[in-house]
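J.: This is the structure I want to talk about, given as structure tokens.
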């Protein structure tokens, strides 16, 4: 297993470095790092670098958020993009644009509040629902919050996407995202405790409610901050943790570090493909993620049903 982990880490490192370099030099216009004009330097440092940093942090954040959602809700297809968390965060950050148009940090605060409110609604339903009924509730909440956004987007545009990443939004995402990921690493072993049922945890003197609260707070903050800065991106929180379990097993002390680096690479790869394949036009990352993530979600459900 140790050799396998080392090889996986080496492959991830090579993929990450090569994709970063490729993303820096390719896009609507391609150029060499050796000979660059002033306009190319401007494109590099003011457009591509913040976009790459945003993709890396967002990919890591959403992957870890998805892994924690799956641990706390004990559901392999739970993730913020399809459970209504991201859409609630997006709705509230849109309200912040209307109420506090000049304060970007207000978008993040409102987004986190929205994510927490949506998660609170899910908790109300959790005790009375099976894991898959809860997914249906999450999808319904997602539809409601998305529909409510349409009321405002005719006259307001939040403009949050990887394509519009600036140094301002990137720095907020970088600071909050890195702090959130550090907390995730510190508390990742708590997710392993949630494999045991609540009664057994209580008999061991461990509060399942406290475990869930801490892990979900980290997950919601990571997802909501990402949504406020670059918009809603679904399915990455399902795809990356599932690959982690396939390669490394079910130990969250292995799943979380893998999710950080693999999630960072995966979103950057998806965004770069979207920028390059139809250059000078772009295919949005959320479209590619939906094309890939939908079948993955169906496959997971099919395998669970087959094993039941």
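From the backbone N, Cα and C atoms, a Cβ is placed for every residue, glycine too.
Quick paste of what TrEMBL says about this protein:
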TRANSMEM  6-28  transmembrane segment
TRANSMEM  49-69  transmembrane segment
TRANSMEM  81-101  transmembrane segment
TRANSMEM  108-126  transmembrane segment
TRANSMEM  132-152  transmembrane segment
TRANSMEM  172-193  transmembrane segment
TRANSMEM  213-243  transmembrane segment
TRANSMEM  255-277  transmembrane segment
TRANSMEM  283-302  transmembrane segment
J.: Please determine whether the transmembrane segment (108-126) and the transmembrane segment (213-243) are in contact (criterion: at least three Cβ-Cβ distances under 8 Å, sequence separation 6 or more).
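T.: Yes, these stretches are in contact.
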J.: Could you name the stretch, out of 6-28, 49-69, 81-101, 255-277, 283-302, with the greatest number of CB pairs under 8 A to the transmembrane segment (213-243)?
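T.: Counting Cβ pairs under 8 Å, the winner is 49-69.
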J.: Between 6-28, 255-277, 283-302, who has the most Cβ pairs under 8 Å to the transmembrane segment (49-69)?
T.: 255-277
J.: Using a Cβ cut-off of under 8 Å, list the residues of the same chain at least 6 residues beyond the transmembrane segment (283-302) that approach it.
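T.: Distal contacts: 55, 76-77, 82, 132, 161-163, 231-236, 238-239, 242, 267, 270-271, 273-274, 277.
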